[in-house]
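Lifted from TrEMBL, the feature list:
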type	residues	note
BINDING	Arg67, Ser68, Gly69, Asn80, Thr84, Ile85, Asp86	substrate binding site
DOMAIN	15-146	domain 'dUTPase-like'
Amino acid sequence: MKNVLIKKLEHAKDLPLPNYESVSAAGMDLRAALEAPMTLRPGERKLIPTGLQMALPEGFEAQIRPRSGLAIRNGITMLNTPGTIDADYRGEIKVIAINHGEEEFVVEHGDRIAQMVIAPVKQFPMVEVDELDETERGDGGFGSTGV
Ligand SMILES: O=c1ccn([C@H]2C[C@H](O)[C@@H](COP(=O)(O)OP(=O)(O)OP(=O)(O)O)O2)c(=O)[nH]1
Ligand SMILES: [Mg+2]
């Protein structure tokens, strides 16, 4: 089992580490690490700090995704979902939240605002060619196989 190394910044010292909330959960919830509550007006987007820095094992990324409960109840989602955390990123993990709801939404210190899924990724060399091989699909896409 590979470890993810995680460091708490000062404003997250009192918060628990991200944790799988059920036995086979894909994601770990991320909490807002705030000195004061943050308000998202309808349509507004804000960068929410988590107070966490992380070192992922090589060959992995972390994806920052919305929580479905916040999305359905409050219209809160991540604008860039899935956000990408690179294995070599050592800065604070932050969440780009947007309020798609009709009501103001207040984020308090410690609120679980997003979830993080750690997934394998591969890097590939790009090789430029003049022609590509032919396939049955060819350039058909965007609904070409019907509904
Ligand atoms: O939701 C996110 C997305 C990204 N990041 C951090 C980690 C990631 O490794 C870094 C860069 O993200 P990305 O590549 O998506 O942003 P960019 O606009 O391409 O910035 P850069 O030029 O720094 O790569 O920002 C976050 O903390 N939260
Ligand atoms: Mg980038």
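Backbone N, Cα and C atoms are what each Cβ position is placed from, and that goes for glycine too.
Unlike curated records, TrEMBL annotations are generated automatically.
Structure with TrEMBL features highlighted.
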residue	record	Cβ contacts under 8 Å, 6 or more apart
Arg67	substrate binding site	Asp29, Arg112, Ile113, Ala114, Gln115
Ser68	substrate binding site	none
Gly69	substrate binding site	none
Asn80	substrate binding site	Ile64, Ile96
Thr84	substrate binding site	Glu61, Ala62, Gln63, Ile64
Ile85	substrate binding site	Met54, Leu56, Glu61, Ala62, Gln63, Ile64, Ile93, Met116
Asp86	substrate binding site	Leu56, Glu61
The domain 'dUTPase-like' (15-146), counted residue by residue under DSSP: helix, strand, coil:
7 helix, 48 strand, 77 coil
Could you measure the widest C-alpha to C-alpha distance across Arg67, Ser68, Gly69, Asn80, Thr84, Ile85, Asp86, the residues recorded as binding substrate, and give it to a whole number of angstrom?
26
Give the mean pLDDT for the domain 'dUTPase-like' (15-146) on the 0 to 100 scale.
98
Of the binding-site residues Arg67, Ser68, Gly69, Ile85, which ones put their CB under 6 Å from ligand 1?
Ile85
